[in-house]
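> From TrEMBL, here are the annotated features:
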ACT_SITE  A:H39  active site, proton donor
BINDING   A:32-39, A:149-152, A:I178, A:186-189  ATP binding site
BINDING   A:Q63  beta-alanine binding site
BINDING   A:Q63, A:Q155  (R)-pantoate binding site
2 protein chains.
Amino acid sequence: MRTIRHIQELREAVRQARRENPGLRVGFVPTMGYLHDGHASLMESAREQCGFVILSIFVNPLQFGPNEDFSRYPRNEERDLAVAAAAGVDIVFMPSVEEMYPQPTKTIVSVSQMTEKLCGASRPGHFDGVATVVSKLFQIVQPDAAYFGLKDAQQIAVIEQLVHDLNMPVEIVPCPIIREADGLAMSSRNVYLQPEEREQALVLSQSLNYAGQRIRDQRGGLDAEAVTASVRKLIEEKPLAVIDYVELLSYPSLEAVNRIHSGDRIIIALAIKFGKTRLIDNMILTL
Amino acid sequence: MRTIRHIQELREAVRQARRENPGLRVGFVPTMGYLHDGHASLMESAREQCGFVILSIFVNPLQFGPNEDFSRYPRNEERDLAVAAAAGVDIVFMPSVEEMYPQPTKTIVSVSQMTEKLCGASRPGHFDGVATVVSKLFQIVQPDAAYFGLKDAQQIAVIEQLVHDLNMPVEIVPCPIIREADGLAMSSRNVYLQPEEREQALVLSQSLNYAGQRIRDQRGGLDAEAVTASVRKLIEEKPLAVIDYVELLSYPSLEAVNRIHSGDRIIIALAIKFGKTRLIDNMILTL
């Protein structure tokens, strides 16, 4: 496994791999590091489907708001490299902020409409930062396929839209949410949680499971507002949980849904704060 | 020469050309058609420097304002194909609007700051449309080099910024302005001009030449405002000419310049209306 920190060197390594192996499928897993089993599952999918796998680790300042956790976002380079090596990654690309943004970028890639809901509403500018850095990384790596986790379901919807609209020759591969044994969705931010918060955070997956069961039991004609209200009620029972949003929308278009009908593809998505820590989770259902 | 109207077919043709000829340099000339000798010079430069040349002809609705000339922009497919064939182009890519925008795009590529001046100020949204369609075309064609005419000097500055910021693996090759024998910069929009307008339109190049001479004669310490005022005065002598802008800025950063100093690289740029027809011209000087 090679560790590469410079764009030019990465380009040359990919070019060489393609030259040595015409028809090579290059898989790409963009991450912000502090790797957990969710990331590992992305690398494994890439490893299964591609002859060459590139992992990037870059905490992208452009997608953090001024009062968010950019500077305190957890980092552990040594452990990340061990996880990547164990997953059979060929190249770990770890550029510095200066390498990615030698000057402040004047160019922004912006996806409208579907970014106005959920995390886009709570984190203004966040998805512009995501769309811009993903565009940059795709231009640098030029992968055939890129792997993203469905915990960030809105992010996947935004990136699929971006790739479609800009005709990027990349296949986006959404991968299932990986959870702890007790149901908590894996996240680099879980390390922020105090023990009591960690325990109450189970309400995210539990309330989603409850809502999913309720929708499955009563297919068609169920009122979306009734579903989100019941999820809110469960979350409000946890004293440390502060609701950022609980929403039921169409997926991947992320448009408002009033009544849930058979055949609909919907997402129930939530963002909950425990102290300074903001956790997200979701369930996508095709009815 | 092949004429291709579909994105998938174009991708396959480029892939095949690269497969048959490893190390092939692919040159790309994006145009809106109604080709003139300015376009021909771009194709010739591409032909000299590249083993494979792709010309695109696409009148991009996204870069026209609601009251601009999208619907009446001149088109002549048959003549364009003859010009392209004569220039030795390998592929002409002529997608329909539906092919490029099967749905209205939600994704916009936007370059800030340098788009606020000159044509960006006169044509709100124009450069978002340019940056977005050029990003799309670069993803579709995946050229090694792309050729643009310096008549649209701001467009080149914007595209160079875009390519730099998004790490696009494309070399941007700026090509000199091609002029009629009497000095008028070639433009597809010149066909709009009535005979009297055509005659008075010579003031664009004449006033630029006058300003350039004045700057060259008095290197350093010349007041930018004095230069643009003298250009304005010359243009205002032509009764049919209506000034949109006359500006002297740094190039390619397009920032305000007060005094012109030795070593500066500057642009004198102007946009002049004759009836409904808007013409642009410029002179870039390194002092």
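A Cβ is built for glycine as well, from the same backbone N, Cα and C atoms used for every other residue.
As the structure is a computational prediction, the values presented were derived from the model and not from experiment.
Can you tell me where each of these features sits in this structure?
Cβ neighbour count for A:H39 (active site, proton donor) (all protein chains, 10 Å cutoff from its Cβ): 26. Secondary structure at A:H39 (active site, proton donor), as computed by DSSP, is helix.
DSSP classifies A:I178 (ATP binding site) as coil under the three-state reduction.
With a cut-off of 8 Å between CB atoms and residues at least 6 apart in sequence, the same chain places A:G125, A:H126, A:F127, A:D128, A:G129, A:V130, A:V133 near A:Q63 (beta-alanine binding site), listed in sequence order.
A:Q63 (beta-alanine binding site) falls within a helix when secondary structure is assigned with DSSP.
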> Report, in whole Å, the straight Cα-to-Cα distance of A:M32 (ATP binding site) from A:H39 (active site, proton donor).
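Computed Cα spacing between A:H39 (active site, proton donor) and A:M32 (ATP binding site) is 10 Å.
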> A:Q155, A:S188: which of these binding-site residues has the highest Cβ count within 10 Å of its own Cβ?
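Answer by Cβ density within 10 Å: A:Q155.
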> May I ask for the distance between A:Q155 ((R)-pantoate binding site) and A:L35 (ATP binding site), taken between their Cα atoms and rounded to an integer number of Å?
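So the alpha carbons of A:Q155 ((R)-pantoate binding site) and A:L35 (ATP binding site) sit roughly 18 Å from each other.
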